[in-house]
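The annotation domain 'Plant heme peroxidase family profile' is assigned in TrEMBL to 28-328. What TrEMBL lists as disulfide bond is CYS38-CYS117, CYS71-CYS76, CYS123-CYS325, CYS202-CYS237. The site 'Transition state stabilizer' annotation in TrEMBL covers ARG65. Under the heading active site, proton acceptor, TrEMBL lists HIS69. The Ca(2+) 1 binding site feature in TrEMBL is assigned to ASP70, VAL73, GLY75, ASP77, SER79, GLU91. The substrate binding site annotation in TrEMBL covers PRO165. Residues annotated as heme b binding site in TrEMBL: HIS195. The Ca(2+) 2 binding site annotation in TrEMBL covers THR196, ASP249, ASP257.
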Amino acid sequence: MAVQRMVLVYLQVAAVAALLAATGLRAQLRVGFYDSSCPAAEIIVQQEVSKAVGANPGLAAGLLRLHFHDCFVRGCDASVLIDSTTGNTAEKDAGPNTSLRGFEVVDRIKARVEQACAGVVSCADILAFAARDSVALAGGNAYQVPAGRRDGAVSRASDTGGNLPPPTANVAQLTQMFGTKGLTQRDMVVLSGAHTIGSSHCSSFSGRLSSSGTTAGGGGQDPTMDPAYVAQLARQCPGGKADPMVPMDYVSPNAFDEGFYKGVMANRGLLASDQALLSDGNTAVQVVTYANDPATFQSEFAAAMVKMGSVGVLTGSSGKVRGNCRVA
């Protein structure tokens, strides 16, 4: 009997090992990770995000975008928060990241968390919690965030190249870029719904408005864009040195809802990469589904956020818990 028990234990251990190998480090993240070590952690994050978004609603999109841009470069390791030094230009100072915001909110959260339980809560987990709370405060579904991420110590601007989807990307490019992160095309379409809140600089889409830039039609106004919308955007983006910002979702710019997809269906996707979702049969069906079924969008977005939040994570003895999120 003792031998049989030993064999049974061995088989169970082998099964768990195989599962961990199949699912990667993702298996080490868990909901309630700080319940014992720092029970106030998620409460502190929620309080500070609520204060920040209450004072400036645009920070909901900013904090959500921080989590995206972190996970797509070197994985979800908070490397996007690290400041540049004399000898190194960090991720946050790379071209695609210069418009990121919300760093000060993370600083305030980290200071409070360190006061409550020093050296316990990672900056990477703070980003994941803050993104979740931002979505909820903007009207989206709250969801549970598996935690246990550790922080990285490397942040290079050069690593952003080829990892962050450009605003001009087509469906094939988007699918490939998300695919390299272990995310499916369906994940890509639902995560694009994050554009239902926030704004974009005119420079990210001005090429679609006239022949001065590259457009879907090869010259002139982008034919996939509603002409009335083009005229409206041209008034909002007069050119010159100024680079104003325009809401990504013209339907309901401050609410986390299905408005983004309704805009794409009306040929009013602000970025070329947004409107491109209607050009492919598979992604177009998904756009229509979300536009007409808000509940499905909300639930699938939450699930995709959890999946994205596990990309390239450092767990266990890997990485560290940075005491200052800005310093490696």
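Any Cβ shown, glycine's included, is placed from N, Cα and C.
When averaged over the domain 'Plant heme peroxidase family profile' (28-328), pLDDT in the model lands at 94. Taking the centre of the Cβ atoms of THR196, ASP249, ASP257 as the Ca(2+) 2 site, the nearby residues of that chain (Cβ within 8 Å, site residues left out) are GLY193, HIS195, ILE197, VAL251, SER252, PRO253, ALA255, PHE256, GLU258, GLY259, PHE260, GLY263. With every protein chain in view, the residue among the disulfide-bonded residues CYS76, CYS325 whose Cβ has the most Cβ partners within 10 Å turns out to be CYS76. For ARG65 (site 'Transition state stabilizer'), the Cβ neighbour count at a 10 Å cut-off comes to 22, with all displayed protein chains included. Within the same chain, residues at least 6 positions away in sequence whose Cβ sits under 8 Å from that of CYS237 (disulfide bond) are CYS202, SER206, LEU209, PRO244, VAL246.
Around the Cβ of GLU91 (Ca(2+) 1 binding site), the number of neighbouring Cβ atoms within 10 Å comes to 26. Counting only same-chain residues at least 6 apart in sequence, those with a Cβ under 8 Å from the Cβ of ASP70 (Ca(2+) 1 binding site) are CYS76, ASP77, ALA78, SER79, VAL80, LEU81, ALA124, LEU127.
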